[in-house]
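**Student:** This is the structure, below, for whatever I ask next.
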């Protein structure tokens, strides 16, 4: 049967040459698939299963700091320089852990009933924790090296309080954050948190103390030695938690966060089976026909299985070529399932429309000619949304979008080469059940009759002038609410967003929020080109560098918090030379570092002893110092501080200064996420515009579709903000998806409205368009909700943000596609027709 004969009936659509050519090509492809359905279906399954074999090369990354930070972020270079400084030529590196001790009763840990046990526990951790299964057994003192005095300030203060308690002294004069007593000036701001002081800065109480344990490891043997001691420390902490009625100990295991992030992703996978079951049931029930033999139940189920095969193949390809899996990718499985099922609804709609065709191959060709443009719009818009994210500089977003974009492509092909041939294979292979056919016929006829009556009533409602006025009022109110939500949008990034509600890491996050974020923070300054410090001008500039970092912001704690080797070394030289000020000399540095009181500076200086003996400036290869800040409670404060530190480092470029702050990765994420979100969404919308231009080549229809797309995404961002969702890389991924999903609701309506005959009245155009897309649009929306809302049972921010996004996009998308857009198309068409009539009358 020729294409001409098929097209002999009056055309209902007047498509552009591009779309017409694509539809014709789809018709011939459909006829080819319908002629050899078994070959296409079997080949598809074999190819997809073979591609899935790449999963044997499975690898994953669970590092939130590096993977959510742009590749061109300054923090990456800063971390690299810090690692280089902390690593010697022999491959040395510093490892460590932290321990936080609080009261179980909520009282001060410095109270008399807590103090004795607290000091005992701290000394036990410091001097005990023997690793007994080694020969010889060793404790922390044997492996800590220059870091042994890391908790000196804390132990000193606790001993002062303990001595006062033993002598029954009523008060202890320990000033905070710097201890000034008996000629001592010790910074204790990073040892005590939740501190209450009197008017003279005397510490009255403390909610928590913090201990830090570090060691310099040279090889795998020394690293294993530290990790074994670390496990003993954690075991001792667990014993205290179990046996003590006063103290609660929380420790920071560096391996715990990656493990918990991995657990978040894995724990969401079981919900996929529930999502699959619900969607399969919904798809079968919502595609019932008047006869059992027409229901295509087996083929429909394979249409739901198709996206699973696509996920297997796409993941296999990417993992097989070495792209590491990340936990955020798990969310895409549910989204791809929704996209694939949407294609099933569209193809089945076309299959039912062509039911009068006796030749199965030609029927499939007609089906593909009717449905291919629609499923192509769906796949293109969603695929391009993800494709834009591939060019994002943030590794986690790039990985998520790469996995998702390829899965969308594979889903598109699997529905054409597996699902559609199965429609032909299963055609007429069902047993006829007269009773069931009678019941189904009555049910579907009743539903169909109600549906068509509703379409007629709804069309008259949408095309009335009163509805147009109501639409304007609703849109204005909706935009105002959305803009208000935009104004409340907050940029925030936290580790707990990738964790489960029962994760033990959340206890650490609570400590961080309550004590550490508002407490003392540490900034490290690294100098890689010290210059000749014997030159007075260089020495003064070096001292000025320190002063600038100490005073650059009101939140800086000043000189008392600074840990800098130069000041005590100048005092050492002054004593040695009996001169004030002394002449700087490199020759005394080795002997200075060997002194017990100066051993702590060994990790701050990279020296060459041979050059030191010659009093050569090459004696100091690099050095570091630290200073503290306090009460930086918001990310805006931290970003401001980091910006000032980097500005100072750039000012002293001749010394090759670099800064390092533990949260610099997150600060850079906060700084970049707003611009990254804006550029990504704009790029995605531009892509959507070109897709609309190809498939809906009519200015008015394109304008209405793009206007609704912008309106939907304005509401998505505003409503997410009102729903307590912050702007972060995970939200960025969700917003990219929202742009693609929103076109599904507006593109199809505009496509069908533009495709109807220009000789039809506006009301008839709206009715024909609604009849073609309203039910598939509702099916797609409900199936998408079923696919993703299952994740609401999975209590994590990672999945919850996508659930909220889907609910908002489906709600706003359906409202715009089924209500706002038809009203706009109808009224703008009337305006266009009125203008044409006036021009015709004027020319006549």
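Each position is counted from 1, following the chain as shown.
Note that Cβ sites are derived from N, Cα and C of the backbone, with glycine treated the same way.
So TrEMBL has the following annotated:
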- 268-425: domain 'SSD' (DOMAIN)
- 268-288: transmembrane segment (TRANSMEM)
- 300-325: transmembrane segment (TRANSMEM)
- 331-351: transmembrane segment (TRANSMEM)
- 372-391: transmembrane segment (TRANSMEM)
- 403-425: transmembrane segment (TRANSMEM)
- 466-486: transmembrane segment (TRANSMEM)
- 676-696: transmembrane segment (TRANSMEM)
- 703-723: transmembrane segment (TRANSMEM)
- 729-751: transmembrane segment (TRANSMEM)
- 772-794: transmembrane segment (TRANSMEM)
- 806-828: transmembrane segment (TRANSMEM)
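What's the neighbourhood like for each of these?
**Tutor:** Long-range contacts of the transmembrane segment (300-325) within the same chain: residues 44-45, 47-49, 51-61, 276, 279-280, 283-284, 287, 333, 336-337, 339-341, 343-344, 347-348, 399, 402-403, 406-407, 409-411, 413-415, 418-419, 422, each at least 6 residues beyond the stretch ends and with a Cβ under 8 Å from a Cβ of the stretch.
Listed by sequence, the residues of this chain that lie at least six past the ends of the transmembrane segment (372-391) yet keep a Cβ under 8 A from its Cβ atoms are 19, 22-23, 26, 29-30, 339, 342-343, 346-347, 397-398, 400-402, 404-405, 408-409, 411-412, 415, 680, 683-684, 687-688, 691, 695, 732-733, 736-737, 739-741, 743-744, 747-748, 751.
Residues of the same chain lying 6 or more positions beyond the ends of the transmembrane segment (729-751) and with a Cβ under 8 Å from any Cβ of it are 68, 328, 335, 342, 373-374, 377-378, 381-386, 388-389, 392, 394, 396-397, 400-401, 404, 493, 497-498, 669, 673, 676-677, 680-681, 684-685, 688, 691-692, 695-696, 701-702, 704-705, 708-709, 712-713, 716-717, 720, 769, 773, 776-777, 780-781, 784, 797-798, 801-802, 805-806, 808-810, 812-814, 816-818, 821-822, 825.
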**Student:** Which listed stretch (268-288, 331-351, 403-425, 466-486, 676-696) has the most C-beta pairs under 8 A with the transmembrane segment (772-794)?
**Tutor:** 331-351
